[in-house]
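Now, the feature entries from Swiss-Prot:
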type     : residues : note
ACT_SITE : CYS155   : active site
Amino acid sequence: MKSIAIIGASGYTGAQITSLINADENLMIQGLYVSENSLDKGKPLSDLYPSYSHISLSLSPLCDDAKMLIVEQADAVVLATDHAVSLHLAAWFYQKGLTVFDLSGAYRFSDVEQYPKWYGFNHEYQDVLSDAVYGLAEWNSEQIASSKMIAVPGCYPTASLTALKPIGMFLTDAFPVINAVSGVTGAGRKAQLHTSFCEVSLTPYGVLGHRHQPEIATQLGQEVIFTPHLGNFKRGILATITVQLKPESTEADVAAAYAVYDDAPLITVKQNQFPKVDDVVNTPNCHLGWKFDPETHYLVVASAIDNLMKGAASQAHQCIRIHFNY
């Protein structure tokens, strides 16, 4: 049985991964941690999330003694923390010999030049960054199994890349256009005016400047036009993607490309049928639906996931299972 420490357990993603690990008979939770300055330190997790009343663990402050205890007792650490916090914590635990599963964006780019623009900091851990692998579970399982530094993908990139990677060989130079809508849990647990009950509404944000755009482009190997939207629902993502395929591409080619997921238990693919968010909420699944126009060679593919599950916590759990080979 592997022991896992969870840092940032008070947030939506941290609480979700706590629930998944708690239910996994092959894993045990070494401890749940929050910042020393957190107002939630010392509280039982169930005080914040009554639905987790079966998890009798409290949130401990991540002091220096706690960090050393993690090194002594845990096999791996899950970081559900802010990018700038994960930057340092991931490197520290990695250098102490633990396997790190980082849910932030601090290790998703291999190029250090990307970080000042997209994350607002200079990346000072090139040695750790060079060992990091991108944890897109269905595509990078061999790397996840062998690495001790796993950067779990963002929610929008997970939905988009799962849809686009199978057809990469058929893409033209035209940029895929990705329009995606996420539930408000994607904005985090802290109170914000634009996510409050009376203010939240369907609206685009981060237009031509969202940090998930270069993440998608890097992993796809092609630039994309990505426009995220905030939806007035709690959780889930629906990404609708329009791409033009090469002139010689056929409907049979597309069907054959998506057959790569035939043995992927969490991915469902349907032709001429499109997914809805309600079918994937509270599950680790991704539902894909596609339609191809043989005259224009345009393909429209829709991808639905739960942003807190397949877009974060359950994909981290997948990576843990892949890494520890069970």
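Indices start at 1 and increase along the chain as displayed.
Just so it is clear, glycine is given a Cβ too, placed from its N, Cα and C backbone atoms.
Using a 10 Å radius centred on the Cβ of CYS155 (active site) and all shown protein chains, the other Cβ atoms total 30. Secondary structure at the residue listed as 'active site', as computed by DSSP, is helix.
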